[in-house]
Amino acid sequence: MARTDDDNWDLTSSVGVTATIVAVGRALATKDPRGLINDPFAEPLVRAVGLDLFTKMMDGELDMSTIADVSPAVAQAMVYGNAVRTKYFDDYLLNATAGGIRQVAILASGLDSRAYRLPWPTRTVVYEIDQPKVMEFKTTTLADLGAEPSAIRRAVPIDLRADWPTALQAAGFDSAAPTAWLAEGLLIYLKPQTQDRLFDNITALSAPGSMVATEFVTGIADFSAERARTISNPFRCHGVDVDLASLVYTGPRNHVLDYLAAKGWQPEGVSLAELFRRSGLDVRAADDDTIFISGCLTDHSSISPPTAAGWR
C-alpha cells in the first residue's frame, strides 16, 4: 500500500513493523557471544508484538540464513550490522551525557529501550517521540514486565509529520538546555523535504552545545523497487506485512553531513565498515553504504523558529 501524508501504523504493519524487525536484530545481537550490545528488553518486546515469524526466531526455530536464503556468514553479518549500529548510538548518548548533557530526545523511538537499559546520570530526562499506538504498546509492555526507566522518561505520542516541536515542549522540553538528539533508522521513511524540515526543527530547538546523531543511506536516491522487494519478500513469505518499496522515499535529497554543517553543526561521519573494524569484525561483511553521523551545534546563525509548516 502506498504511503499517504496521514498514514499510521502499529508494530505489525507499515513503518511500524520495521521497528519490530530492528528490535529482532537487537535481540539476536544480544544473544551473540561477542557481547557487542546488551538489550535485555528487545526479545520480550518482540515476543509481545506477537508475530509468529519473529517468535520463532527468538525461539531459535528459524534464523536469518533460512528466512532470507543467504549463507550463514551473510546472516551473521546482518546481526553484526545491527549490533555495531546500536553500539554507535549507545556510545554517542553516553558520551553526550558524560559531557554534561542531561536532556535527550529520541525521534521515532519505536521499540528503543535506551531509557530503561542505559546507565544514565542522575536527573537525565529522556524524551521519546513516536506514533501514539507505538508509544502506548511499549510503555504498557515494559510496565507489565516490571521494567523501570533508568532516566526520567517522558513519552511524547505524536506523529513526526505533525507539530511535534510544540508537543515536545508541552511535555517539558527545555530548548535553552543542551540536548542530545537521536534520529536512528528514520530518514529513509521521510520525504526529502521532510528530512530537511526535521533538521531545521532540531536546530531551532537546540541550545549551543547540543548534539545530534543519525545515519544516512548514501544510495537511497537510487534504491530500486526490485531491491526493496528482494529485502521484503522473505518476510512477506512468512506472513509479515512489510513492503519496503512502498515505505521508503527515494530520489535526490540533501546529504545530511552537508545540510547539518550549513545549519551550524560540526558533523562527522563514519562508515559501517569502520564500525565493523572498531569492533574487531571482518570489514568485508560490511557491504552497506550507510554513513553514521554525529556532531555538535556551535553556530546559531542559521536558526529560525520551529514550525510544522510544509512538514509533509
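Cβ coordinates are placed from backbone N, Cα and C, and glycine is handled just like the others.
Within 10 Å of the C-beta of Asp159 (S-adenosyl-L-methionine binding site) there are 19 other C-beta atoms, taking all protein chains into account. What Swiss-Prot records for Asp130, Asp159, Leu160 is S-adenosyl-L-methionine binding site, and it gives similarity to another entry as the kind of evidence.
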Record-listed S-adenosyl-L-methionine binders Asp130, Asp159, Leu160 have a maximum CA to CA distance, in Å, of 7
Per DSSP, three-state class assigned to Asp130 (S-adenosyl-L-methionine binding site) | strand
Cβ proximity for Leu160 (S-adenosyl-L-methionine binding site), under 8 A, sequence spacing 6+, ordered by residue number, returns Leu107, Ala108, Ile129, Asp130, Leu186, Leu190, Leu198
Enumerate the residues of the same chain, Asp130, Asp159, Leu160 excluded, that satisfy the criterion Cβ within 8 A of the mean position of the Cβ atoms of the recorded S-adenosyl-L-methionine site; list them in sequence order.
-> Leu107, Ala108, Ile129, Gln131, Ile158, Arg161, Ala162, Trp164
